[in-house]
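Here's the structure, in structure tokens; my notes come after.
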């Protein structure tokens, strides 16, 4: 009988915290499957999900305000272990008969909590011990309210001077609440705390591993697709590359990929994609050389959003044209990943603040009467990368820096021209090459060059040169929501600048972008 890697599962209910997806990623890193659902998930759905444990995540609301969110009753009726984090602890306390009040002293940022009670959750977990033998944890707090009275049968787990009940527990039921955030890296022992809850208290085994995920995905694809043929738009990005490798292993020649070369890719990227998938792996790949079509459609357009829409529409036109030449295609594969699924669900429920639109396939499924196959839809981005390595894709491909869907089209400020794209891709190649040589590529989260359509005077030999300006951009970030500019060594910047100006005709000046996000975005357009 095949291993059911979803058998041991954790349910995470989202009350609106910015950290909720991070909780899910931490649970997955432990090797346990989990799903994230809105706080108002109905009782029947919770019972059908049949979790081994439930985590109530944080949120921005106050439990003593009217209409603030509450956990469904099924959470308490299932008799499974429960962990409330921040707001999750507060609503658990209030719903079970305790009291929550606003605090005069809010806690935001680093804090030290004293471990007061002896519980299964924190037994043997500490950062330091003071002279009186009191155990302490270094944690990350983010709360304005606090529990002032615990429900019956609960004991104090942890405390701070301004928040005497910074944690509470009922070992008999496996109910725990912590006012701090174990999911963030600032809480040093957070990983151990979550592992203790998920594995030891909930009894979940580590079945969610890259090798098991690959085997399960292959079995699911074969069951869904059977002997039918599948079409995939291959971009060379991480998600579509992993889908291609996974589907090829699962169904072989039943997969056909269409690679649209829009003339806005990185240096040699089209050839590299073809070499990797067609020549090395034997995947059926059709290369559509559409540079002229994209550049013609972009001619005269300088507005960033309009450029994006033109590139998106042109991609669909080219992809449609290639797909219409193929016979007997029943399925369209997509690189949908779990955050896309979460956002879509949030959009439908009206709870999402940000809605991402995916234009990569347009109306193709409906027009061609195709069914969707989405083998990555349960996975976070970091899991997709691990799956890529498990499937044998090169590390440098799997851990390549993000590249925008419109490509160089949004790294050329203003109108896009072939001359600009050719200059930019060479400059970008030099920057990335030198980052790799200096062992800085993987220390940065994203690095690239921006073409600015302004000219600056320069001196070459005995003559003056009036040529274009480019900007180097390199950032460090954990989640791409915030980012700081990378403090690259001056000698590295000097080497990059010297090579770009000396090796590329048409560039007279190189600048370095020292803007962080916020207020600046990572990309310039």
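In case you wondered, yes, glycine gets a Cβ from its N, Cα and C as well.
Among the features that Swiss-Prot reports, domain 'Glutamine amidotransferase type-1' is placed at 9-207, with the record citing sequence analysis. Taken from Swiss-Prot, the feature active site, nucleophile applies to 86, supported by sequence analysis. The domain 'GMPS ATP-PPase' feature in Swiss-Prot is assigned to 208-400; the stated evidence is sequence analysis. For 235, 236, 237, 238, 239, 240, 241, the entry in Swiss-Prot reads ATP binding site.
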Statement: Not counting 235, 236, 237, 238, 239, 240, 241, residues with a CB within 8 A of the CB centroid of the ATP site are 234, 242, 243, 335
Field: Candidate binding-site residues 235, 237, 238, pick with smallest Cα gap to residue 86 (active site, nucleophile)
entry: 238
- request: Determine the most Cβ-crowded residue among the binding-site residues 236, 237, using a 10 Å radius around each Cβ and all protein chains in the structure.
  value: 236
Around the Cβ of residue 235 (ATP binding site), the count of other Cβ atoms that are within 10 Å: 23
Field: Spatial neighbours, same chain, of residue 238 (ATP binding site) - Cβ under 8 Å, 6+ residues apart
entry: 381, 384, 385, 388, 397, 398, 400
Task: Would you count the other CB atoms within 10 A of the CB of residue 86 (active site, nucleophile), including those on all shown protein chains?
output: 27
- prompt: What same-chain residues, at least 6 away in sequence, bring their CB to under 8 Å of the CB of residue 239 (ATP binding site)?
  reply: 335, 337, 376, 384
Query: Helix, strand or coil at residue 240 (ATP binding site), per DSSP?
result: helix
Statement: Whole-number mean pLDDT, the domain 'GMPS ATP-PPase' (208-400), equals 87
- prompt: Can you tell which of 240, 241 has the most other C-beta atoms within 10 Å, given these are the binding-site residues?
  reply: 241
Message: Tell me the coarse DSSP state (helix, strand, coil) of residue 86 (active site, nucleophile).
response: coil
